[in-house]
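Everything on this sheet refers to the single structure shown next.
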Amino acid sequence: MPTIGADLCTLTINPDLAGVGVRVAFYVEALLCIVCAPFISDPKLWISLARWSLFYNLCLLLSTIILLKTSQNISLVDGLVVTTLSSLSDVAVYNAVIWKEADTSAKTLRLALFSNSLVYYVLGITVWASAPIFGLSSDCHTNAHVVFALIGFPVRATVLWLRVLMITLMSLGLLIAAIGFMSGSDLKLPPFMSIAFSRHGNSESLKRWLLAATMPLSVATCVLTIVTTERTLSVNGLRNGTVQWTLGQLMAVLLLGHPIGEIVTKVFSIYFSEKKHGNCNCGFSMA
């Protein structure tokens, strides 16, 4: 796996982990899920996409851990980008929680979510706890110059307050995920959504309304994640290094075909089904 930067003491990036192909795959899938969720009322589709998103994300996280443990072909910037990108997998899970039905697939989704959360938080804590030396080789001290774009604002990734903040947040996330899984609780909606369902019933129209109402927040969160990732690469002068196409990036783009294919297939299925019955509403109304 190639790394940009010939000098051992030059800040580097691994295109297989943080390349443009990998990033675009995460961005497109998240935005697709946000835009399509209110219009396609198929619980099985969204549970399938959520599981796929978690599996894809888990592969990226495990690849990062393997590289960290077996070689020096990874940098602090790689760790920051990977942990930031991984948060986008929650978008597909959110859609599945809204649309899911009381079937066995919800249990497999819960297991996949916990496995993903466990690896994500452990890696995130490792990255921030060892930020000054993460991925360093020999006597280089390049991490002291690494910048993290916190909500778009550049901050030194090795400053103590930022590391304490991120470690605290990730530790809380890990604790909540562990308690939820060990207690055997199912995937839960936020309190205000649970109240809405209890008052108005588990109706499809309510689910559509909730997804549409929360779409601006979902889009804003997704955009903020994209800005943080791209800004982090830019301020560290590594954006150009991520355009070098590698096998990992090619696989990421090819794997993106699965969720796109599922959504397109479902859209055409709805369209032709409605057309056959003479109702060219095509199943996409918000009512």
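Placement of Cβ uses the backbone N, Cα and C atoms for every residue, glycine included.
All annotation found in TrEMBL is predicted automatically rather than curated by experts.
Quick look at what TrEMBL annotates:
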{"type": "TRANSMEM", "residues": "20-40", "note": "transmembrane segment"}
{"type": "TRANSMEM", "residues": "52-68", "note": "transmembrane segment"}
{"type": "TRANSMEM", "residues": "80-99", "note": "transmembrane segment"}
{"type": "TRANSMEM", "residues": "111-129", "note": "transmembrane segment"}
{"type": "TRANSMEM", "residues": "160-183", "note": "transmembrane segment"}
{"type": "TRANSMEM", "residues": "209-227", "note": "transmembrane segment"}
{"type": "TRANSMEM", "residues": "247-268", "note": "transmembrane segment"}
- Among 20-40, 52-68, 111-129, 209-227, 247-268, stretch most in contact with the transmembrane segment (160-183) (C-beta, under 8 angstroms): 111-129
- Other than its close neighbours in sequence, what residues sit by the transmembrane segment (111-129), given a CB gap under 8 Å and a spacing of at least six beyond its ends? 50-51, 54-55, 57-58, 61-62, 64-65, 68, 76, 79-80, 82-83, 86, 89, 93, 162-163, 166-167, 170-171, 173-174, 177-178, 180-181, 187
- Query: Counting Cβ pairs under 8 Å that sit 6 or more residues apart, are there three or more between the transmembrane segment (209-227) and the transmembrane segment (20-40)?
  - Reply: yes
- Close approaches to the transmembrane segment (20-40) from elsewhere in its chain (Cβ under 8 angstroms; 6 or more beyond its ends): 46, 49, 53, 56, 60, 81, 85, 88, 91-92, 95, 98-99, 208, 211-212, 215, 218-219, 222, 225-226, 229-230, 242-243, 245-246, 248-250, 252-253, 255-256, 259-260, 263, 266-267, 270, 283-284, 286
